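Before any comments, here is the structure.
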Amino acid sequence: MTPETAQPNDNDQGGESAEDRVRIFDTTLRDGEQAPGFSMDRRAKLCMAQALEALGVDILEAGFPQASPDDFAAVEEIARTLRNTTVCALARCQNGDIDTSARALERARHARIHLFLSTSPLHREHKLGMSKAQVLDTAVASIERARKYCADVEFSAEDALRTEPEFLVEVFSAAIAAGATTLNAPDTVGYTTPAEMVELFTYLRRHVRDAHKAVFSTHCHDDLGMAVANSLAAVSAGARQVECTINGIGERAGNAALEEIVMALKVRAPHFGLHTRIDTRKLYPTSRLLTQVTGQAVPRNKAVVGENAFAHESGIHQHGMLKHRGTYEIMRPEDVGIAATTLVLGKHSGRHALRQRLEALGHSLDDAALDGVFKLFKALADRKRDIRDEDLEALALGLDPDATGPWRLDQLNTSSHLGSSASATVKLIHDDGRKVGEAAIGDGPVDAVLRAIERATGTDMVLTRFQVRAMSEGGDAQGYAQLTARHARHDWNGSSVSTDIIEATAHAALAIVNRIERQGIERHANAAPLQGVSV
Ligand code: KIV
Ligand code: ZN
């Protein structure tokens, strides 16, 4: 990638825009995903990235490519796929990180490298062991290196809100001189108040040299429940980029919630006098998609997207609402994309109806993907009478472009008896023509299946995470299996959907084996055998 091939998106560079637009920088797939319980596999990330592009985010932070091969692959795939949104990769101020990020972004139409380095006294002394001068030199050298690859470079002064403001001015002035086009002042530990935010951004914009050449950005964590208020305070003091996540997911108590910031700017437009490019009618579908791919629901009373956000229970409120909606409603459910289901899908429904419903659920599929889901939908409609939204979501999520071999599941049998171990037999077919059958005993049917697959493929894996959940209600609900396994010192993810959870687990395990094999990684790289799992 060269600066010429990686042009910034229009208006994303070069000082404050006269048009008073706030850029929405989404970090659901980076800061959000790194929080416990929110990890996503590559397919889920791609699905979310497409939904976020359709939502209209300006910049999408797709991951931290140096962190793992899976992260690298996810960033690369998202960079290759998105057309309008700027795809951003996070990098520490280290040459290896910068070069890896540049490689991951090579195919991006609009790319950004996001560098971060701590600036606060606490972090300088205890985390980095660096003097102020060393921090300054490292930041400048890294920005200059990143600029050789990419014209759009963001610099984040980690723990900025606990940094001496004069030093922050020094660092940001040097960052602009070195070529940074966005300057981010994160409240890394969620410590700040809105008044302090206003004070800092006003000070920075007044004192940073050539401040007009960069976009000022805010990135707030919610440790004291002030992330959204702090982000809006920064915006009112001149920040024109907000870093945030869908449903506010993120490190510890989370990041500022994208949907809350966007709706605050929209509902209170006369107050802020600012706007974003977000299509607010896609907020709810995108929020819902995230809950589906992570398995983490939002609280009922969550602002904007919670189940109760538009429910009016008390008689007084209902009476007022019937007379005039505005009495108790500052925004309408349809403004954020909450629409009553009007379409019932069944075995006679066509592709068009399916596409419409999937879009309302946050899944923007291309024609090939829609074809795949449509086939699955027809097959499911033969087996299941009521096709619910959750079923459709499961089908869309279950479409695995990576499940295309070399190994395929031909036969699977399991048996388990109360109080004794379970057994499994698998028959697998390899693209090279091999047919391999293996049997294994395990602590439960899932464990037995995984062991049999391990034997048949010769791929050692240490299972580190296993999650199965029902995607809808009823005895014929579809199960979504998500596995993470350690192999060759890296974590590999696989997921699959089936009305039979053992089968879904087998497909998810095969997706992992296939990924490992396609990447040509040595297959006996782990000394330890697959760890037992009981279901
Ligand atoms: O919270 C933080 O400081 C971050 C940086 C990497 C921007 O996430
Ligand atoms: Zn953060």
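Cβ atoms here come from the backbone N, Cα and C positions, even for glycine.
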Residue in ASP31, ASP41, ASP432 which TrEMBL records at the Mn(2+) site where HIS219, HIS221, ASN255 also bind: ASP31
Local confidence of the region 'Regulatory domain' (408-535) - pLDDT mean: 80
Protein Cβ atoms within 10 Å of HIS221 (Mn(2+) binding site), excluding its own: 25
Binding-site residues whose CB lies under 6 angstroms from ligand 1, from ASP31, HIS219, ASN255: ASP31, HIS219
Binding-site residues listed as ASP31, HIS219, ASN255, least Cβ neighbours within 10 Å: ASP31
Secondary structure of HIS221 (Mn(2+) binding site) (DSSP, helix/strand/coil): strand
